[in-house]
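Here is what TrEMBL says about this protein:
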type	residues	note
TRANSMEM	20-39	transmembrane segment
TRANSMEM	60-81	transmembrane segment
TRANSMEM	87-103	transmembrane segment
TRANSMEM	110-129	transmembrane segment
TRANSMEM	149-169	transmembrane segment
TRANSMEM	176-197	transmembrane segment
TRANSMEM	217-237	transmembrane segment
Amino acid sequence: MGPLPSIFSSESNDSWRKSLVATLGEFVGTFMFLFFSYAGCQIANMSVDPYDSGTEPNPVVLIYISFSFAASLAINVWVFYRITGGMFNPAVTLALALVGAISPVRAGMVAIAQIVGGIAAAGVVSALFPGPLVVQTKLGGGTTIVQGLFIEMFLTAELVITILMLAFVKHRATFLAPLGVGLALFIAELSGVYFTGGSLNPARSFGPDVIAGAFPGYHWIYWVGPLLGSLLATAFYQGLNFLRYQTVNPGQDFDGIGSELMGNPERDD
């Protein structure tokens, strides 16, 4: 048996280099994603508080906020996909670690980078835009804490299962995964932004509260809810794998090219 690799070996150094590149990429990517998202949210919230339980929901404001987050995520995931995978979210990082896409060590490093990136983005938006920072996630529309927790869980599960099926599982449309991920966030934000602020991401909620210096008593739901949603989506994905979902619709990526040589795929009924 050959000598065991040491922390000073070239293999170890290369592994750490890759982890550092991923960590830096996740910090910058999370910053860019949340900076533009917060900027859109700041503009939308300057004239009205969409979480005020005493007012009716303003569809224009809610759509503006939802689109700001969705478009920013889609664009920045596309930019950083080849570098880090474009996670930008500790809940997504947890799911990818659980399915073996990244190591636990790298997951911990990038999760910290994502949280710091969220704080930095909130700080820059607070410094650049006039008026107080108004991008915090809050319960609205009479939503209870328990309702908010489960709303965050299910919305995050939708986002995470989209990422697992479109980005983690490789297929002919993988290059379009950032678009699908952005659309998943868009429909999740449309459903949840009025009731919970539509966090789906601990880094998204933690950063503004740090900069504002105020944490609501229910801030914990923006950690527990998304993490539970991540676990739910991962369990569903692993269950599909256990049941060999690939055999149910084996031709779903078949484009007909070379069908004369390969034959048409047949369903395994």
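Just so it is clear, glycine is given a Cβ too, placed from its N, Cα and C backbone atoms.
Count of Cβ pairs under 8 Å against the transmembrane segment (20-39): among 60-81, 87-103, 110-129, 149-169, 176-197, the largest is for 110-129. The stretch in 87-103, 176-197, 217-237 that contributes the largest number of Cβ pairs under 8 Å to the transmembrane segment (60-81) is 176-197.
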